[in-house]
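To keep things clear, I will list the structure first and then write my remarks on it.
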Ligand SMILES: [Zn+2]
């Protein structure tokens, strides 16, 4: 399967987040063309600052594979990873990250900085950005638009 296919799976995860009032962000981890884990943002529901889609997906993948080393895995995520998630990606040795929309307010995979490819770390990650970017971005902007309208009422 190709990157678009797995990104669409991540988008489906993001929609699950939206259904429960979370910021719609979803992630999928794939190894050898097999889906190892899927997750979506649960920060509000769980009131946990670390309950980002990528962290939850990484945690599940480590449990599933019984190793902290996700060396040949690819992580798909609808929004560019924040500093915490980019850190977790580097530390879990993920090989490749594919993300949808760029995040001008927090993106650490090339927008504000590039934690994934800093040669001072002992691991660098291949990055592909902009896959289904429009769909990923629109989900977020629609969510925040709706939130603002609801607040006004
Ligand atoms: Zn994050």
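Cβ from N, Cα, C; glycine included.
Unlike curated records, TrEMBL annotations are generated automatically.
In the three-state DSSP assignment, the secondary structure recorded for residue 54 (active site, proton donor) is helix. Residues or ranges marked as active site, proton donor by TrEMBL: 54.
For 52, 82, 85, the entry in TrEMBL reads Zn(2+) binding site. DSSP assigns residue 85 (Zn(2+) binding site) to a helix in the three-state reduction. Residue environment of residue 85 (Zn(2+) binding site) contains 29 other Cβ atoms, counted within 10 Å of its Cβ in all protein chains.
What TrEMBL lists as domain 'CMP/dCMP-type deaminase' is 1-119. Helix, strand and coil counts under DSSP for the domain 'CMP/dCMP-type deaminase' (1-119) come to 46 helix, 27 strand, 46 coil.
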Any idea what the Cα distance is from residue 54 (active site, proton donor) over to residue 82 (Zn(2+) binding site), rounded to a whole Å?
9
Over the span of the domain 'CMP/dCMP-type deaminase' (1-119), how high is the average pLDDT in this prediction?
98
Please identify which of 52, 54, 82 has the densest Cβ environment, defined as other Cβ atoms within 10 Å, among these recorded positions.
54
